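Here's the structure we're looking at; comments come further down.
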């Protein structure tokens, strides 16, 4: 079974020194999406930084944290994609930090989704007596904990790293992909187990919060609108988790579809990479940013094209 992060970086199975049409098409598909949504993420982060009232809410702080994580994931993942597509080789000592960030941010995503679902649960069931850890001034403890947990797997990767004979970590040029830092049976078993635990725990948390909020929606007679919004938010978290989990189904899909669909393994890997690695992160700021009326109004004012239409003499 191929590892998830291997699928992220091992896209062009037939990479050569020459640039073929397939590589050009893939790059031309990824770059416009990446540029557009990176602009949207940066615009959202700028809006948060310009209006300090957003940092008085745990919900907005976690949303900002998710955007920063998604930005790092997109930057590292797309960088790896372009490097492998171009056949660029360099020493492992420069490759390792990029792989570390890409793996850690990938695993951090389901942890953030579960945390945001729990935050909505706490906001609904404990509106007046919210536990201290969920208050804005203490939410950084949860954020630091998520980073530490998500860094376990890439740290183990480098601790257990065994290079091929003749490969020097400082000088031997290699393609920067996950297989470089070893794929021993013990390491592969550890990765599969940890990935399974990550997504299983997150799925249970999201399912639990969704059911509890759904029951609360039926019971409450007042403030049903805010509860329904929280319910929809948790449902969107579940959809994002499902898209993320689909990345692990690539080996099975290749076995079932390889003889029925006229696609090469490299093309199949690219489709999975784009649909289940990139798209969920592209959709995050759109789903959560545009659904929030307050944030949406501030973002419109921050856009140059919108601001240019505002009468400068108008209050």
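Cβ coordinates are placed from backbone N, Cα and C, and glycine is handled just like the others.
Here's what TrEMBL has on this protein:
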- 40-288: domain 'G-protein coupled receptors family 1 profile' (DOMAIN)
- 23-48: transmembrane segment (TRANSMEM)
- 90-118: transmembrane segment (TRANSMEM)
- 138-156: transmembrane segment (TRANSMEM)
- 197-215: transmembrane segment (TRANSMEM)
- 235-258: transmembrane segment (TRANSMEM)
- 270-290: transmembrane segment (TRANSMEM)
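Panel annotation: around the transmembrane segment (90-118), residues 4-5, 8-9, 59, 62-63, 65-66, 69-70, 72-73, 76-77, 79-80, 142, 146-147, 149-151, 153-155, 157-158, 163, 167-174, 176-178, 180-181, 195, 198-199, 201-202, 205-206, 209-210, 233-234, 237, 240-241, 244, 277, 280-281 of the same chain, lying at least six beyond its termini, place a Cβ under 8 Å from a Cβ of the stretch. Mean pLDDT, taken over the domain 'G-protein coupled receptors family 1 profile' (40-288), works out to 79 on the 0 to 100 scale.
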